[in-house]
C-alpha cells in the first residue's frame with residue numbers, strides 16, 4: 001500500500017508540472033512555439049478591440065478581453081514556469097523524497113497520508129481539472145451545438161465560431177466561408193487546449209504543494225506525540241530533535257512555495273478582480289444572458305477562491321500545530337530539559353505561516369471577500 005501511495009502522489013504532481021523536468025532547450029522551444037502559434041488570434045483580437053474602441057463598442061471590447069486576458073495570462077504562466085523551474089523542481093523533489101520516506105512509517109501515519117492523497121486527487125486534481133475543462137470547452141461545445149441546430153431547424157443556417165472575431169484583411173462575413181471558418185475553428189480549438197493545459201497544471205500544482213505542507217505538519221505533530229511516549233529519555237530526545245528538523249524543513253518548503261508562486265498569486269488577484277466585474281457587466285448589459293459567460297464567471301470565482309482557501313488552510317494548520325503539540329502529553333514527561341524543548345517548539349508553532357502575493361498581500365478568505373467586493377464595485381462603476 002505504501003508504494004501505491006508514493007506512485008499516486010508522484011504521478012499527480014509530474015503530470016501537472018511536467019515542463020519543469022524538461023531540458024532548458026526543450027522548455028525554451030516549447031514556450032516560444034506556443035507564443036508564435038498564439039500570435040495570429042491575439043493580433044486579430046487586438047485589432048478588433050482597437051476598431052471597437054474607435055466606434056465606442058464597449059461590450060465587444062469586454063467580450064474580447066474576457067477571453068484574451070486569461071489566455072494571455074496562461075501564456076505568461078509558461079514563462080513563469082520556465083523562470084521558476086528550479087524552485088518548482090525542488091518542490092517536486094522534496095515531495096518525492098518525503099513520500100519515499102513515508103513507505104517505512106507505521107500504519108497510523110499512513111492513514112493520515114492516504115487521507116491527504118485522497119483529498120489531493122479529488123480537489124486539486126479531478127475537481128479543478130473538471131472546472132477548467134467545463135469553463136473552456138463550453139465555448140466549442142456551444143458553437144458546435146448552435147451550428148448543428150441552425151442547419152437542422154432554420155431555413156437560413158448560421159455558423160457559430162468558438163469566439164467570434166473579425167479577421168483582418170477579409171470581409172467581415174468572409175470569416176464564415178469555407179475553408180476560412182473550418183481553419184479558424186480548428187485553430188481556436190487548439191487555443192482551448194492550451195488554455196486547459198496551462199490552467200490545470202500551474203494552478204493545480206499550487207494546491208498540491210500547499211496540501212503537502214499541511215501533511216508535513218500533521219505528521220510531525222503525530223511524531224512528537226509518539227516521541228513523548230518513549231520510556232528512554234535519550235530516545236525521546238532524539239525523536240524530538242527529528243521533529244524540530246521536520247519543523248525547519250517545513251519552513252524551507254513553504255519558502256519555496258512562496259518563491260515559486262509569489263508573482264502568480266499577485267497576477268490572478270488583479271486579473272480575477274477585473275475579470276469578475278467585467279464578466280458581470282457583459283452578462284447583464286451585453287447581448288442577452290449567455291450560458292458560456294455564466295459558466296466562465298463561475299470558474300473565475302472558483303479560480304481565486306481555491307488559492308485563498310488553500311492559503312487559509314495552511315495558515316490555520318500552522319496555528320493548529322501549537323494546540324496539537326500542547327495536547328501531545330508533555331505534562332507526564334519528568335525531564336525538565338524535554339519540557340523546555342517542547343516549550344520552544346510550541347512558541348515557534350504559534351507564528352502563523354502565511355502565503356502572500358507580491359510579498360505584500362496575505363492570501364486568505366478575508367482577501368477573497370475583499371476581491372468579490374472590489375469586483376462588484378467595478379461592475380457598478382461600469383454600469384454607471
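Residue numbering: from 1, along the chain as shown.
Every residue gets a Cβ built from N, Cα and C, even glycine.
Listed features, source TrEMBL:
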type: TRANSMEM; residues: 21-47; note: transmembrane segment
type: TRANSMEM; residues: 67-83; note: transmembrane segment
type: TRANSMEM; residues: 127-152; note: transmembrane segment
type: TRANSMEM; residues: 180-200; note: transmembrane segment
type: TRANSMEM; residues: 261-283; note: transmembrane segment
type: TRANSMEM; residues: 289-308; note: transmembrane segment
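The transmembrane segment (180-200) is not in contact with the transmembrane segment (261-283), judged by fewer than 3 CB-CB distances under 8 Å for residue pairs 6 or more apart in sequence. Within its own chain, the transmembrane segment (261-283) has Cβ neighbours under 8 Å at 59, 62-63, 65-66, 69-70, 73, 76-77, 80, 202, 206, 209, 289-290, 293-294, 296-297, 300-301, 303-304, 307, 355-359, 361, 363, 367, 371-372, 374-379, 381-383, counting only residues six or more beyond its boundaries. Under 8 Å from some Cβ of the transmembrane segment (67-83) lie the Cβ atoms of residues 17, 19-20, 27-28, 30-31, 34-35, 38, 42, 45-46, 163, 191, 194-195, 198-199, 201-202, 263-264, 267-268, 271, 274-275, 300, all in the same chain and six or more residues away from its ends.
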